[in-house]
């Protein structure tokens, strides 16, 4: 059996998210598995680095699958590009050691979130950003990022009710770049809890627009209570950019 | 009567082009006129700087219309943003002298064309660029641009059968910028004939990939024969960026 690592880009707009839902063709995992099953002639199950929510995009989702098919990787990639829809692109295929597991072995992830920060919306960014027209204090938001970076219990910044597993995570980097009306937020860390990036984003925006004080972050770290944090911003501004492995 | 100049951005993907077709809601002019007619309570006709083809986008199409409605411009813009679909955005409104005419008074236009130049397509650029995977000789293409710049009879680079009006035009600038796999072509000139930018683009790509010799440009200027020029590249890579007025 060969173990094949795939790097996948997708426009999540039309999909119910990464994770297969029964026979549905409306998830990225489901769609990809169906094509791989046709290609190899035997049922293929793929392991993703993690789920992405309905509407979330990816520039570098990673998954792996096992097959004994005798087909070289360029031919396989060509087949996948031809038969997958145009909004799911297999960017790279690589043969990896049999023990490689896209989820267990992921040591970090990089996400981007885009905010269209102008009163007048954009016809082109509407599916790839969140339109938020309030004026934002970037200096204050950068201070909030500094508070968030590091090792903390992020349960209050997640959509988990409670968790038996640890909800302590390390964020290595959060940065904000402005290009005209488009704000680009980057999050790098070992892993993120359910909806954590979108809730962190909502909190940053509410701090930046003055709805919430900077100190709310300390309060949430202490109390762990989700309701203190900001809104969950929409999925269409979120991109899984990269998954890191050793 | 007030004369109002609008700057409009649109994602042309869902539309049959700028130009109204009967009662159809599937053109940008038609859609915009229908909303303006509702807003003002009297039939509004708008004059665009020129047509754009089905599928072509705009970041700065300009149009004007006359109305006697007593409504300030910010309120009008808010109304238009609210009631037009999200892929048509009125970016700016300005009251102009009554004689201003968006088509007659336009003295120049700027277009962009985007080419996704990689074997592996892009999930995100698919609706906003032309996927062309041949290797391109940019130096040769820049030489071709130099030949095209200036005052020439562009009939051979248009989809016009023949024309009673002059088909002589001046191109002031054609430039090519590469950002990773995305090539950005800019065209600036006093005006462009029917499908001229898309045929110039097709010719540039065929020269860049070695299908056609650089000298084909001189031949077409001499003969005026369309069939010598390159393919008409798809509309989805084309953007009307700006319309110039004195």
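A Cβ is built for glycine as well, from the same backbone N, Cα and C atoms used for every other residue.
What TrEMBL records for B:8-104 (among others) is domain 'Pseudouridine synthase I TruA alpha/beta'.
Among the features that TrEMBL reports, active site, nucleophile is placed at B:53. DSSP assigns residue B:53 (active site, nucleophile) to coil, not to a helix or a strand. Every protein chain shown contributes to the tally, and the Cβ of residue B:53 (active site, nucleophile) ends up with 20 other Cβ atoms within 10 Å.
The Cβ of residue B:111 (substrate binding site) lies under 8 Å from the Cβ of B:186, B:187, B:188, B:192, B:197, B:238, B:239, B:240, B:241, each of these being in the same chain and 6 or more residues away along the sequence. According to its DSSP assignment, residue B:111 (substrate binding site) is in a strand. Marked as substrate binding site by TrEMBL: B:111.
The annotation domain 'Pseudouridine synthase I TruA alpha/beta' is assigned in TrEMBL to B:144-246 (among others).
DSSP assignment over the domain 'Pseudouridine synthase I TruA alpha/beta' (B:144-246) gives 35 helix, 32 strand, 36 coil.
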